[in-house]
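K.L.:
Mind looking over this structure? Questions follow.
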Amino acid sequence: MSSGNAKIGYPAPNFKATAVMPDGQFRDICLSEYRGKYVVFFFYPLDFTFVCPTEIIAFSDRAEEFKKLNCQVIGASVDSHFCHLAWINTPKKQGGLGPMNIPLVSDPKRTIAQDYGVLKADEGISFRGLFIIDDKGILRQITINDLPVGRSVDEILRLVQAFQFTDKHGEVCPAGWKPGSDTIKPDVQKSKEYFSKQK
């Protein structure tokens, strides 16, 4: 795994790359064009594999939930945009993706994967890296899974909601926090309000 330039609390590495857009067209996109929105940027190893379609379809199927949070989901792999399109055009029952509601970025030179520290150099593919970037372009969360285990869309939604809550209210979110749950005031005395309610 490469060390990369992605660091929590710092601007996420910008990129410009060709993506297959939800309308099936090719378009060059930049991370910077999403400034003002949260971004969930995730890498997956390869098109036409086994765990990858389950993750990508899960994110695509719930793209509207992210959109309601002013959050754009973007997927990326080292495959060409032509390969992405072929996979999208392959029926789900044959291991394909079917129509997508999120852009899929092509990183054939592996520069984006390297920049984000997810390149598995010995195989020339990406680990399952996921990055939550806030509306100011600051990297707020990083997870990197080894190849055989997929990610939870529910957990990513929860994290976006939690970061947005802390941005807006200045309170912090305890373990397992969900919208509507109690939060903690980050103050020695005021935090006792939360802890006094615990069993």
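Residue numbers in this text run from 1 along the chain shown.
Here the Cβ of each residue, glycine as well, is placed from N, Cα and C on the backbone.
Pulled the feature table from Swiss-Prot, pasting it below:
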ACT_SITE  Cys52  active site, cysteine sulfenic acid (-SOH) intermediate
COMPBIAS  184-199  compositional bias 'Basic and acidic residues'
CROSSLNK  Lys7  SUMO2 cross-link
CROSSLNK  Lys120  SUMO2 cross-link
CROSSLNK  Lys185  SUMO1 cross-link
DOMAIN    6-165  domain 'Thioredoxin'
MOD_RES   Ser2  N-acetylserine
MOD_RES   Lys7  N6-acetyllysine
MOD_RES   Lys16  N6-acetyllysine
MOD_RES   Ser32  phosphoserine
MOD_RES   Thr90  phosphothreonine
MOD_RES   Lys136  N6-acetyllysine
MOD_RES   Lys197  N6-acetyllysine
REGION    176-199  region 'Disordered'
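For each feature listed, report its degree of burial, its nearest neighbours and the pertinent distances within the displayed model.
P.N.:
Cβ-based neighbour count (10 Å, all protein chains) for Cys52 (active site, cysteine sulfenic acid (-SOH) intermediate) stands at 21.
Tertiary neighbourhood of the compositional bias 'Basic and acidic residues' (184-199): same-chain residues 170-174, selected by CB-CB distance under 8 Å and a gap of 6+ residues from either end.
Take the CB of Lys7 (SUMO2 cross-link) and look out to 10 A: across all protein chains shown you find 13 other CB atoms.
The Cβ neighbour count for Lys120 (SUMO2 cross-link), using a 10 Å radius over every protein chain in view, is 17.
Taking Cβ-Cβ distances under 8 Å and a sequence separation of 6 or more, the neighbours of Lys185 (SUMO1 cross-link) in its chain are Glu171, Val172, Ser191, Glu193, Tyr194.
Lys7 (SUMO2 cross-link) falls outside any helix or strand according to DSSP and counts as coil.
Cβ environment of Lys16 (N6-acetyllysine): Asp28, Ile29, Cys30 lie under 8 Å away, each six or more residues apart in the same chain.
Counting every protein chain shown, the number of other Cβ atoms lying within 10 Å of the Cβ of Ser32 (phosphoserine) is 12.
When secondary structure is read from DSSP and collapsed to three states, Thr90 (phosphothreonine) falls in the coil class.
The C-beta environment of Lys136 (N6-acetyllysine), restricted to residues of the same chain at least 6 apart in sequence and closer than 8 Å, consists of Arg35.
Residue environment of Lys197 (N6-acetyllysine) contains 8 other Cβ atoms, counted within 10 Å of its Cβ in all protein chains.
Counted with DSSP, the region 'Disordered' (176-199) comes out as 4 helix, 1 strand, 19 coil.
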K.L.:
What kind of secondary structure is Lys16 (N6-acetyllysine) part of, going by DSSP in three states?
P.N.:
strand
K.L.:
Determine, using Cα-Cα distances only, which of these recorded positions is closest to Lys197 (N6-acetyllysine): Ser32, Thr90, Lys120.
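P.N.:
When the Cα distances are compared, Ser32 comes out closest.
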K.L.:
Can you give me the average pLDDT across the domain 'Thioredoxin' (6-165), rounded to a whole number?
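P.N.:
Across the residues of the domain 'Thioredoxin' (6-165) the model's pLDDT averages 96 on the 0 to 100 scale.
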K.L.:
Going by Cα-Cα distance, pick out whichever of the recorded positions Cys52, Thr90, Lys120 is nearest to Lys7 (SUMO2 cross-link).
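P.N.:
Spatially nearest to Lys7 (SUMO2 cross-link) by Cα position is Lys120.
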K.L.:
Measuring CB to CB from Thr90 (phosphothreonine), give everything in the same chain under 8 Å that is also at least six residues away in sequence.
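P.N.:
Within the chain, Thr90 (phosphothreonine) has Cβ neighbours under 8 Å at Phe48, Gly96, Leu97, Gly98.
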